[in-house]
Amino acid sequence: MARLVIDPVTRIEGHLRVEATVNGGKVKDAWSSCTMWRGMEIVLRGKDPRDAWAYAQRACGVCTTVHAIASVRAVEDAIGAKIPDNARILRNIIMANQNVQDHIIHFYHLHALDWVDVVSALKADPVKTSELAKSISSWPKNSATYFKAVQDKVKAFVESGQLGIFSNAYWGHPAYKLPPEANLMAVAHYLEALDVQREIIKIQALLGAKNPHPQTFVVGGQSTPVDPESQNALNADSIAFMLKYADMALEFVEKVYIPDLLAVASFYKEWAGIGGFNNFLACGDWPDANGKMYLPGGVIKNKNLAKIEPLDHKKFKEYITHSWYKYSKGDVGLHPWEGETTPNYTGPKPPYEYLNVEGKYSWGKAIRYEDLPMEVGPLARMLVAYGLGHKDVKEVVDMVLKKLGVGPEALFSTLGRTAARGIETLLMARKTKDYILELAQNMKKADTKIADTDKWDPKTWPKECKGVGLHDAPRGCLAHFVVIKDGKIANYQMVVPSTWNLSPRDHKGQRGPVEEALVGTPVADSKLPLELLRTIHSYDPCMACGMHMIEVREE
Amino acid sequence: MERETIYEGLVRKGVSRRDFLKFCASTAAVLGLSSSFVPKIAEAMEKKQKPVVVWLEYQDCAGCSESILRASKPTIGQIVLDVVSLEYHETIMAAAGHQAEKSLHDAIKNYKGKYLVVVEGAIPLKDGGVYCTIGGKSAVDLIKEICKDAMAVIAVGNCACFGGVPAAKPNPTGAVGVMDIIKDKPVINLPGCPLNVENFTATVVYFLTFGKLPAVDKLKRPLFAYGKLIHDNCERRGHFDASEYVKAWGDKGHRQGWCLFQMGCKGPFTNHNCPTIRWNEGVSWPVMAGHPCIGCSEPKFWDNNLYAEAEKNSFYAKAVGLAAMAGIANKVKTE
C-alpha cells in the first residue's frame, strides 16, 4: 500500500505533517502529527496572571486576539472580576472582526487554491467571466475590462518565469473542476481579498493599537479608553471609522465571498459526501448585556441534531497514548485541571522518512469529550445553532442549502465545513455593525467605564483561585484554564481548537477528527495529494496553537 | 529567459509611472530619507531584478507572516507579484509536501549566492532539535543548509532575532535566534512582536537602492527603524515632562491621553519607530491606543518579569523598577 507523506502541510498556521496509506485510489488510513512545540504553558508558570494574555496571545499570530480573550476571561473568572459593558462590547467587536477577517483569509488565501486552478484562468474569456460574475453578484468590479486586466497581470507574472508562491503546485490536476471563467473570477477575488483583509482589520488596529497581536486587553476589561468628549479616546469619530470598515467587510462578504462560495461549491457537489465527521462541540460566544450568547454552545453526537447536549468542560479529558508526553499515573485520561507536562520524545531521530504511527507520533494530545473525539469550528457552531433552531443561522443555512440543491445531511462533509465558514462570516459581518452601534449607544449615555479597576491589585484576590476562559474562536472552541496561588500563575493550560481537530489517536485507538475525515478520500495521484489538502484545509489547522501542553501543578 | 527589472514588471502589469513614484516616495519616508533620494530609489527599481526571497518559519506563531499580509506600501499583492520573487513561504504558498520542498531546493540551487533568506520564529537546539521538524528534518539542520548559499539573512520578529517567547524562561526547548546559529553571513534583525511590515519593505528597498544592507546597532537592528527610543518620539512625552500620569484604566488622565509610564510603559527603554510609523497604515500604535509599550523589540523582554515578586514583576509594574535604574524615579515620585 502506498504510504503518502505531506510535510510541510502548507497554507496553514504552523507545522503539520500528515501521513496516509492509499489503496485502490482511496485513503485507507491517516495520521496527523504536530511537529513543533514551544512549551508556552511552562513559560507562563510563575508569571503575573495579569500578564498571561500577552504571552498566551503569542500562541498564534493568525488567530491573534483569541488566546488573549480566553486568557483574560480565565483570570477574570478566577479572581471574580466583572467586566463593564463597554469592555464586553469592545471584545465583541474585536471577536467579530477577527472572525470575518480570519475566514476571508482562509477561504481565499489558504483554501481556494485547493479548488481553483490559477493556470486555467489564463484560458478564460474575460467577457464570459464578466457574464458569469454579473449573473451571481452586483459587485462593481465585474466588467470584462477588469477581468482582462487581471488576466493580463497573471499572464505577465507567469511569463516572467518566476512563479514564486505559485510554483510546483497542482495546476492541471484532474481533481480541478472549475471552468476557466470561474477560475479567473476566483483569482481576481484572491487578489482583491488580499486588499480587503488588510483594510477591514483596521477596526482592530483602532481598538487595539495594531494587528496582529493587538495590545488592548487587560484583566477586568479593556485598556483603550472610551470618551466621546476626548480626542485621545474612542469617540464619535472612532464609531464612524469602524462603521466604514464594517460596511466594507459586509459588502465584500455579501457580494463576493458568498457568491463565490456558492459558485465554486456547485462544481464540487461530490465533496458533500466526502470528509465528514460525526461529533461536534461548540462553547458559544458573543454575550449580550444579559450574558446570553449570540451563537450558542452545545454538543452533538452521531450527527443527531435533534438532541443538542449542554457543554460541560468537566467532561474534557486528554490522553497521551500517541503523544510525545508521559504522565506520572501512566496512560490515563486527565482533565486539564489535573494535567501534567513531561515531554517524552520517542519519535525517529531527524532526519527521518516516516513516523512510527504504532507508537507516539505527535506533539498534540488527544483531547476527548466523554471519551469521544469532537470536531470544533464554524461547522460545529452552525450545526449546534441550527439544531437549536437559531433564527439567523437557520435562515442563512437554509438559503445556502437551497441554492446548492442539497439537504442538511450535506453539511457533514468537507464541502459543508467550508460552506459553514462562509455562512458564519456573513452572520458575523452583520453582527460587527450591531456591536459598533451598541458601543455608540453606551457612549451616548456617557458611560466611560472600561475596566473593573477594583480587582486590578492582586492584594484583592483570594490566596488561591482557579478559572476557566472559554471563547468560540474562528477555528472553534478555545478553553484556557488557570490556577492562581499567592498572586502568581501556578498552573496554566490551553485546550485549543486544533488540539481537538488535529488530535492523534487516543487510548482506544479512535482517530482524531481530521484523521477520520480523511479515510475514504479519493486520490487521483498519490504523488500529488490535492484531495487530501482539501479536507485538511477545510478544518483551517492552526498548529502553533494546537501544540498544547499541560503544566505540572506547582507542589 | 532574461529576467526583467522590477519597474519593467510593474509597467507590464499596468502600474502607472505616477503610482510607481508614489511608492518610491513612501518608501523613502519609512527609511527616513529626504525626498532627494526618491529618484535614486526609482532608479534602483528600474535597473534591479526582483530579489529572490525564501521565507522560513520555525518556532513561530505566523504573526510576522500575517504582518506581511497587512503591507500597504507596497501591498502584499505587489510584494508577491512584483517586488520580490517569493519562492518559498509555507503560510501562503500553493504547493505542499514534496512539491513545496522542491520549490525550496530549486530556489537555493538556481539562485546560489543571490537569494535572501527571511526567518520567522526561533530555532530549538535542545534534544537534537526534535521540537521543530519540517519534512522530517530539524529546524537547526534546515536553517544551516538553506543559509549556506544565501546572500544575506533577515530575521523578522523577536523570536527569530532573540528567541522571543519560546526562549522566555525557562526556555523549555533551548530556543535561540538566527544570529546564534548563522555566523558567516550578514544577518539583519527586525524585531517586534510581531514585526512591523513597514520595516521589512524598507529594508528590502534599502538593499535594492544602495546595494548593501543598512547600518545597524550592536543588536544588528537597522538604525533607520531602531535608532531611537520610543520615549524620544512619543506623542505623550509632554505629559511625562509635565508629570501627568495615568493611574487607572479609564481614569480622567487615561481618557485625556496622559503618560502611561506609571502603568508600566517600557517606551523609555525600547528602541523602535512605532510612534513615527505606527501600525496598519498609520492607524495607531500601543501608546496611542492607551496601552503601555511592552518593549517587544528588545532582547529578552519577556523575561523582565521573572525576577521580582508577582506584584512588582508584571508588565505594568516593572517600569517603575527600571526607572529607578535609569535615574528618573525621582521624577515619578515628585509627581
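Numbering starts at 1 and runs along the chain as it is shown here.
Glycine is treated like the rest: Cβ placed from N, Cα and C.
In TrEMBL, annotation is done automatically, which means it is predicted and not curated.
Quick look at what TrEMBL annotates:
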BINDING   A:Glu41, A:Met494, A:His548  Mg(2+) binding site
BINDING   A:Cys60, A:Cys63, A:Cys542  Ni(2+) binding site
BINDING   A:Cys63, A:Cys545  Fe cation binding site
Cβ under 8 Å from chain B, restricted to the binding-site residues A:Glu41, A:Cys60, A:Cys63, A:Met494, picks out A:Cys60
Inter-residue Cα distance where the pair is A:Cys542 (Ni(2+) binding site) and A:Glu41 (Mg(2+) binding site), in Å
17
From the Cα of A:Met494 (Mg(2+) binding site) across to the Cα of A:Cys60 (Ni(2+) binding site), what is the distance in angstrom?
12
A:Met494 (Mg(2+) binding site) to A:Cys63 (Ni(2+) binding site) - Cα separation in whole Å:
14
According to DSSP, does A:Cys63 (Ni(2+) binding site) fall in a helix, a strand, or coil?
coil
My understanding is the cutoff is Cβ-Cβ under 8 Å with a sequence separation of 6 or more in the same chain; which residues meet that for A:Cys542 (Ni(2+) binding site)?
A:Ile12, A:Glu13, A:Gly14, A:Cys60, A:Val62, A:Cys63, A:Arg475, A:Val496, A:Pro497, A:Ser498
Using a 10 Å cut-off, grab the number of neighbouring Cβ atoms around the Cβ of A:Cys63 (Ni(2+) binding site), all chains included.
30
Across every protein chain in view, the count of C-beta atoms other than its own within 10 A of the C-beta of A:Cys60 (Ni(2+) binding site) is 31
Kindly assign A:Glu41 (Mg(2+) binding site) to one of the three DSSP-derived states: helix, strand or coil.
helix
